[in-house]
């Protein structure tokens, strides 16, 4: 069966759209320097020849977050703002520390899916589906359990134990953003 040039081009275009874009360079360390020649993903890129291990490093996750606040929780973001080397890589993370009965209140990440792993304790977690159902999908997680929060959906985590809890969230964006629902709605 002979294909026309138009059919071949249409097939190639479809294949190109259906795959992830390939990076044009190994990395693009974000810097706050408007004199940098390249602007990628909302950040200026450092000359790759100037990159060091510290551009890809963040210390201190072994130190528990301060949970002595009204919510009893602390989220420590590790995004492109903390590690310049994350720029263009499409990932970030956030350790979460919870006091007994601490809450990470309902929020959403408009630019990233989250996958959460419980390292210590017991968390009640869940998300709400979009219209028209607005269904709560929730589960109690124990140490070693993993749960996924789809991109853009409102979700929460609550420590249901009488001991501290620790979790680590990985996100599918270098800058997933966060919208705290109560802060937005009630100020």
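Here the Cβ of each residue, glycine as well, is placed from N, Cα and C on the backbone.
Unlike curated entries, TrEMBL annotations are predicted automatically.
The C-beta environment of residue 104 (oxalate binding site), restricted to residues of the same chain at least 6 apart in sequence and closer than 8 Å, consists of 71, 73, 75, 96, 98, 156, 157, 158. The annotation oxalate binding site is assigned in TrEMBL to 104, 109, 114.
For residue 109 (oxalate binding site), other Cβ atoms within 10 Å of its Cβ number 25. The annotation Mn(2+) binding site is assigned in TrEMBL to 107, 109, 114, 155.
The disulfide bond annotation in TrEMBL covers 28-45. Counting only residues at least six positions away in the same chain, the Cβ atoms of 38, 40, 41, 43, 45, 46, 48, 87, 88 sit under 8 Å from the Cβ of residue 28 (disulfide bond).
As annotated by TrEMBL, domain 'Cupin type-1' applies to 59-185.
Over the domain 'Cupin type-1' (59-185) the predicted model carries a mean pLDDT of 96. Within 10 Å of the Cβ of residue 107 (Mn(2+) binding site) there are 20 other Cβ atoms, across all protein chains.
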